[in-house]
Amino acid sequence: MKQKILVLGGPTAVGKTELSIKLAEKLNGEILSADSMQIYKKMDIGSAKVTKEEMRDINHHMIDIVSPEEEFSVADFKNIGEKAIKEIIAKEKLPMIVGGTGLYINSLTCNVTFTESEKDDEYRTYLESLAEANGNNYVHEMLREIDEISYRDIHPNNRKRVIRALEVYKISGKPFSSYNAGNDFYKTDYHVFYYVLTMDREKLYDRINKRVDIMIENGLIDECIELKKLGYTSSMQSMQGIGYKEILYYLDKKISLYEAVNLIKQGSRNYAKRQLTWFRRDPRCTFLDKDVLSDKEILSKIVDDITNN
C-alpha cells in the first residue's frame with residue numbers, strides 16, 4: 001500500500017491555514033508549507049506567515065529556512081522537502097503539503113525533472129542586462145515566442161525562472177515546459193489526496209483586500225523598513241514578493257502609500273486568479289467550494305477520505 005500524502009491547495013486568503021491545523025489535529029499530521037514567500041526568515045507580515053499561536057503545537061516544515069538575500073529554486077525546495085516528508089513518515093505521521101505555490105506542490109508530488117546542470121552564464125548575464133534595462137516584461141515576452149506554456153505559467157516578476165526557461169531553450173532547443181510533459185508526470189510513490197479550496201470570486205477578492213489592510217495595520221511598512229536597514233534590496237528574489245516590492249517603492253518615494261496599497265491588492269487578486277488557473281489544470285484536484293460546504297463539512301469529508309481509502 002502506498003504512503004498517503006494530503007495536499008491542501010487554494011488561492012491566497014481562502015483559508016487554508018486554519019483548516020490545515022484542524023486536519024493535522026484530526027489526522028496526526030505534520031504540515032509542510034508550499035509557499036514561495038514563507039520560506040524566508042524576517043518576512044512574516046507580508047507573507048501572512050503562520051504564527052506560533054496559530055500552529056497550536058502542530059509541527060511545520062519549510063518555513064523560515066532561508067535568509068532574504070539567498071537565491072532559492074524549486075529544485076532546492078524539492079531537495080529539502082523530500083527529506084522533510086521522509087522525517088514525517090518516519091514518525092508515523094501524515095505528511096500534509098499546504099500552500100498555494102503550485103510548482104512547489106508538484107515538485108514533491110509529481111515526476112518532476114530539473115535541468116540545473118546545464119548552464120550558459122554568458123547568455124544568462126545578457127538576459128539579466130536586458131531585464132534591467134527594459135523591465136521584466138521584456139524578457140517574459142521573449143519567452144512567448146518559444147514556449148507558450150512556460151510563458152503562461154511563469155509570472156513576469158519571477159525573473160530568475162523566466163531567464164532559466166530562455167536559457168534552457170537556447171542550450172537544448174527544447175521548450176522548458178517539455179521537460180515535465182508526458183504520461184509519467186503524475187506518477188509517484190505516494191497516494192496523493194489533493195484538495196483545493198475555492199469560493200465566490202468577489203468574496204475572495206474582498207477577503208484579499210481586507211487582509212492587505214490588516215497587514216498594513218500590523219506593521220508591514222515597519223517590517224520593510226527593517227529589511228531595508230539590513231541591506232535587502234528590491235533586486236533580490238525575496239523582495240520581488242507581492243507586498244514587499246510595492247512598499248519598497250513607497251519607501252524609495254517612487255509611489256505614494258495609497259498607490260502601494262492598491263498595487264498590493266491588485267497584485268494579490270491577480271495572483272489568486274493565476275493560482276486557480278493552475279489548480280484547474282491539474283486532474284488530481286478535488287475542488288471544495290466554501291460557499292456550498294461549511295468548514296465542518298469540508299473537514300469531515302477530507303478526514304473520511306483519508307481514513308477510509
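Placement of Cβ uses the backbone N, Cα and C atoms for every residue, glycine included.
In Swiss-Prot this protein carries:
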type	residues	note
BINDING	GLY10, PRO11, THR12, ALA13, VAL14, GLY15, LYS16, THR17	ATP binding site
BINDING	THR12, ALA13, VAL14, GLY15, LYS16, THR17	substrate binding site
REGION	35-38	region 'Interaction with substrate tRNA'
SITE	THR101	site 'Interaction with substrate tRNA'
SITE	ARG124	site 'Interaction with substrate tRNA'
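Shown on the structure are the features that Swiss-Prot records.
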residue	record	Cβ within 10 Å
GLY10	ATP binding site	26
PRO11	ATP binding site	28
THR12	ATP binding site	20
ALA13	ATP binding site	23
VAL14	ATP binding site	23
GLY15	ATP binding site	16
LYS16	ATP binding site	24
THR17	ATP binding site	20
THR101	site 'Interaction with substrate tRNA'	20
ARG124	site 'Interaction with substrate tRNA'	16
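For the region 'Interaction with substrate tRNA' (35-38), DSSP puts the residue distribution at 0 helix, 0 strand, 4 coil. In this structure, the C-alpha atom of GLY15 (ATP binding site) lies 15 angstrom from that of THR101 (site 'Interaction with substrate tRNA'). THR12 (ATP binding site) sits 10 Å from THR101 (site 'Interaction with substrate tRNA'), taking the Cα positions as reference. Within the chain, the region 'Interaction with substrate tRNA' (35-38) has long-range Cβ neighbours (under 8 A, six or more residues past its boundaries) at 46-50, 62-64, 99-101, 103-104, 238, 241. For THR101 (site 'Interaction with substrate tRNA'), the recorded positions whose C-alpha atoms fall inside a 10 Å radius of its own C-alpha are GLY10, out of GLY10, ALA13, VAL14, LYS16, THR17, ARG124.
Cα-Cα distance from ALA13 (ATP binding site) to ARG124 (site 'Interaction with substrate tRNA'): 35 Å (rounded to the nearest whole number). Within 8 Å of the centroid of the Cβ atoms of THR12, ALA13, VAL14, GLY15, LYS16, THR17, where the record puts substrate, the same chain has further Cβ atoms from GLY10, PRO11, GLY100, LEU197, ARG207.
Other than GLY10, PRO11, THR12, ALA13, VAL14, GLY15, LYS16, THR17, the residues of this chain whose Cβ falls within 8 Å of the Cβ centroid of the ATP site are, in sequence order, GLY100, LEU197. Here the region 'Interaction with substrate tRNA' (35-38) has a mean pLDDT of 96 out of 100. Cα-Cα distance from ARG124 (site 'Interaction with substrate tRNA') to GLY10 (ATP binding site): 33 Å (rounded to the nearest whole number).
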